[in-house]
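K.L.:
Under the heading Mg(2+) binding site, TrEMBL lists Asp534, Asn561, Gly563. The domain 'Thiamine pyrophosphate enzyme N-terminal TPP-binding' annotation in TrEMBL covers 96-201. The annotation domain 'Thiamine pyrophosphate enzyme central' is assigned in TrEMBL to 293-410. Summarising the annotation, TrEMBL assigns domain 'Thiamine pyrophosphate enzyme TPP-binding' to 503-627.
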Amino acid sequence: MCKTTDCISFLGINTRRHQSSLFKLQKSNSSQKHTLSVALYFETTRSGHVSSKMDTKVGSVNVVASPNADVGCLPSHGVVSSVQTSTVPISFSEATLGRHLARRLVQIGVSDVFSVPGDFNLTLLDHLIAEPGLNLVGCCNELNAGYAADGYARSRGVGACVVTFTVGGLSVINAIAGAYSENLPVICIVGGPNSNDYGTNRILHHTIGLPDFSQEHRCFQTITCFQAVVNDLEYAHELIDTAVSTALKESKPVYISISCNLPAIPHPTFTQDPVPFCLSPKLSNHMGLEAAIEAAAEFLNKSVKPVMVAGPKLRVAKACNAFVELADSCGYPVAVMPSAKGMIPEHHPHFIGTYWGAVSTAFCAEIVESSDAYLFAGPIFNDYSSVGYSLLLKKDKAIILQPDRVIIGNGPTFGCVLMKDFLIGLSKRLKKNTTAYENYHRIYVPEGHPLKSAPKEALRVNVLFQHIQNMLSGDTAVIAETGDSWFNCQKLKLPKGCGYEFQMQYGSIGWSVGATLGYAQAATDKRVIACIGDGSFQVTAQDISTMIRCGQNTIIFLINNGGYTIEVEIHDGPYNVIKNWNYTALVDAIHNGEGKCWTSKVLCEEELVVAIEKATGEKKDCLCFIEVVVHKDDTSKELLEWGSRVSAANSRPPNPQ
């Protein structure tokens, strides 16, 4: 590693067991040019795991705790006790393209790769398996492998999947598009055609029958931030490193296609430790930053009852801690947009809930929308998050922060200003103002409890989630599937350290099964609780098999209400009714006596209580699958309101021509 006298933190990504990489921003005294070089470390914690994203200083490794384990934000358990070299030198015969790629993945923090074998990637898989720090997780299909890499990246900071050419690539593409929409760095690796077949006009299997092999590449161009087609050893090192570094820098997926005849071939560029690669750091324009802070401070300090709202792009901006620091200093009430739930600690003294327009948590929308100044950090205002474009917000009252841009009301816009720098600077310039929080505290009335169930009464969804609430702790994480679980899980109060993930921007049903697999594989210090609807589960159910094979102890609540409930509330029709399955029997069949798995079907509260006690007691080391049978029309009031507003937005007539 190059010597430096001026190191500050840029990015660190943890691994499940051993290896990780720490990227340090190095400022050369001679050239004053900024680069990033890879330092290879073991980072072992007292719990046997490694720390996630961390701040560092020269001569020591200092870890700052954070309430979550999101991309760019610290987990609560990160305590480093040792720093060592992370890779073992290899001989020239082992210095192959496949091993180089494997070692790069280990360096950036990937210790599990989700894969589906196919003839074009089999040799590559051999070389990935040969890497000591890498574990290959075979999935039932490519879509789930992509979803698993998505879930893994949410916990670990980066994920990876490997599929075969075209039939695999086009199957995984929906999951990669979802990761792109959620700003997740996922390395999508495809085993490609033999390098000799390019340009020969030959017809290959697994293609659409044309001699042009670029179809898959072209499909990935709009949903990845970089595409590398590696069919020449001479440029393989550069292409792979550029792809990996671009994924980390842009926090977006990348596509790497590797010809099937290349992974086993040694090359001089792959010998010993891979040569460190460089990333150009993103820096704020200093004058623009100061001007933005000055304008924002003036805007907010003259307001009477300002509020702060966290948005999902806090994660990609790596500004979660800076947002909390600002909230601590200014005293404003703090809300989150629905897709930012879990990024901000809900035990914060000024936390007031989820701002989601008409379906916000109690009294939150009233405080936000009545404010005379609101600061939105990293928002996404789409039709879902705006409840059919019905938010009662005014542009002239808003400061909108994007990862590298600040927009103040109807006034100036400041570009090249990083959100993290802006929030830290602003925290030193704002006057303390607790007026809006005092208003919230004044009007707040504690929420009522669900009606007490009669003996053997059919289970109600609100009763189910009351019990799920009682299961949460800092050692758990919640995965909420697209559907009514969005709304019910939003009302859960997350204890300190409790993880939370859902896919709101892309909203692909079935996402949660693969994402649960990937998240649980990465976050081995947490027990994952997944809330999945029956319709979504039917899309991706197969990879319950992989969870069992990996020895995971996730608790899955399968909510069986006989259809696509979220679609029913937007626009009902016979297509929203699905064939009912015996879900517990299906999972028992998948289990087939191999591995640890326990299932239960519950129809009333008494049975639910028994199932939860067993899942958290004697079956705590098992994958626990609890099928919860509820009435088809038992939905949250928030879904009813949200569905009607989204339906109205969807059904707007064409504008007059």
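In case you wondered, yes, glycine gets a Cβ from its N, Cα and C as well.
Unlike curated records, TrEMBL annotations are generated automatically.
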K.L.:
Write out the long-range same-chain contacts of Asn561 (Mg(2+) binding site), meaning residues 6 or more apart in sequence whose Cβ is under 8 Å from its Cβ.
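P.N.:
Gly533, Asp534, Val630, His631, Lys632, Asp634 - these are the non-local Cβ neighbours of Asn561 (Mg(2+) binding site), listed in sequence order.
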K.L.:
Find, for the listed binding-site residues Asp534, Gly563, the residue with the lowest Cβ contact count at a 10 Å cut-off, counting only other Cβ atoms.
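P.N.:
Among the binding-site residues Asp534, Gly563, the lowest count of other Cβ atoms within 10 Å belongs to Gly563.
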K.L.:
For the domain 'Thiamine pyrophosphate enzyme central' (293-410), how many residues does DSSP put in helix, in strand and in coil?
P.N.:
38 helix, 24 strand, 56 coil
K.L.:
Tally of helix, strand and coil residues over the domain 'Thiamine pyrophosphate enzyme N-terminal TPP-binding' (96-201) according to DSSP?
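P.N.:
With helix first, then strand, then coil, the domain 'Thiamine pyrophosphate enzyme N-terminal TPP-binding' (96-201) has 50 helix, 22 strand, 34 coil.
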